[in-house]
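*Asks:* After the structure tokens below, expect a handful of questions from me.
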Amino acid sequence: MGNVTAVTEFVLVGFPNSYEVEIIFFVVFLLAYLVTVLGNALIIVLVYTDCHLHSPMYYFLSNLAFIDISVTSSVVPKMLANIMSEKKTISFAGCFSQSYIFFLLATTGFILFAITSYDRYVAICNPLRYPTIMTERVCSQLVLGAWMGGFIWILPSVVLKVRLPYCGPNVIDHYFCDSAPLLHLACTDVQLIELIDFVLSLFLLLSSLALTVVSYAWIILTVFQIPSAQGRQKTFATCASHFTAVSLGFGLSIFLYVRPSQMNSVHLNKILSVLSSLMTPLLNPFIFSLRNQQMKEAWKNVLHNCLGMAKEARKP
């Protein structure tokens with residue numbers, strides 16, 4: 001079937017508009033991208049430099065921050081380049097590579113969400129056994145398993161799509177090589193592959209969400225048994241940032257991808273994809289920093305050290 005393919009590149013429509021509006025889009029998306037990369041990179045640096053954050057929860061958080069940087073970097077730079085270019089194209093290999101990397105990272109992120117919720121469950125519901133259960137080796141194995149799971153989960157679907165015949169048209173009404181608009185450019189019946197995508201997305205998202213919900217249900221039951229109101233508030237505050245990020249990630253992705261056909265609302269899909277691939281990674285550093293006391297203390301220590309170094313530098 002690959003011999004039938006005549007398309008060597010695809011055109012990414014993006015957000016067609018007047019030149020002035022496209023300049024505004026470029027500036028807004030560029031600023032959002034820079035803040036996303038900077039904010040998540042600072043979280044990674046903070047976790048690995050502050051000894052108070054050397055725990056499984058923050059180890060998983062730093063991996064989620066790395067995924068946020070990578071997800072955004074897989075689509076936004078190409079989108080920015082296309083906004084400023086008259087020829088808004090991407091090669092055949094580049095398109096499928098972008099699609100695979102994006103969904104690999106997203107899948108790994110959802111598995112890590114479930115792992116992080118399990119970590120919080122063990123920490124709150126089994127605090128005495130927590131150090132023996134969530135060892136450094138176990139945490140590393142869980143993260144490696146998340147990456148391997150994402151790699152294996154996405155690969156069959158992408159291989160099937162690459163082998164489809166693409167003989168034209170080659171215009172993708174999106175700002176990146178999303179699965180549904182790319183699939184519907186194939187010159188053959190794609191209902192089976194569309195069904196496979198739907199089943200894979202449904203199982204991944206709902207199974208990860210189920211594990212997360214069950215973990216938090218046990219956490220809530222345990223927290224209500226804490227006699228001290230201050231203790232309950234402190235425990236809830238520890239989990240609030242993770243729960244907020246999980247709600248954003250799962251909510252948008254379920255609405256976007258857990259549908260038998262995703263071609264009925266192309267423009268809505270583009271807007272939701274921007275929220276999922278750019279706005280959520282942008283908000284996550286603020287969510288984790290502002291809702292987590294240990295992160296706020298780490299930020300204060302960093303600022304204090306920076307101010308101290310600045311004062312020392314000014315001395316003659």
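Just so it is clear, glycine is given a Cβ too, placed from its N, Cα and C backbone atoms.
Just so you know, TrEMBL annotations are computer predictions that nobody has curated.
Found this in TrEMBL, in case it helps:
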type: TRANSMEM; residues: 23-48; note: transmembrane segment
type: DOMAIN; residues: 39-288; note: domain 'G-protein coupled receptors family 1 profile'
type: TRANSMEM; residues: 60-80; note: transmembrane segment
type: TRANSMEM; residues: 100-118; note: transmembrane segment
type: TRANSMEM; residues: 138-156; note: transmembrane segment
type: TRANSMEM; residues: 198-224; note: transmembrane segment
type: TRANSMEM; residues: 236-258; note: transmembrane segment
type: TRANSMEM; residues: 270-290; note: transmembrane segment
*Asks:* Under 8 Å for C-beta pairs, could you tell me which stretch among 23-48, 60-80, 100-118, 270-290 has the largest tally with the transmembrane segment (198-224)?
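*Replies:* Stretch with the highest Cβ contact count: 100-118.
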*Asks:* Mean pLDDT for the domain 'G-protein coupled receptors family 1 profile' (39-288), as a whole number?
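*Replies:* Here the mean pLDDT over the domain 'G-protein coupled receptors family 1 profile' (39-288) amounts to 84.
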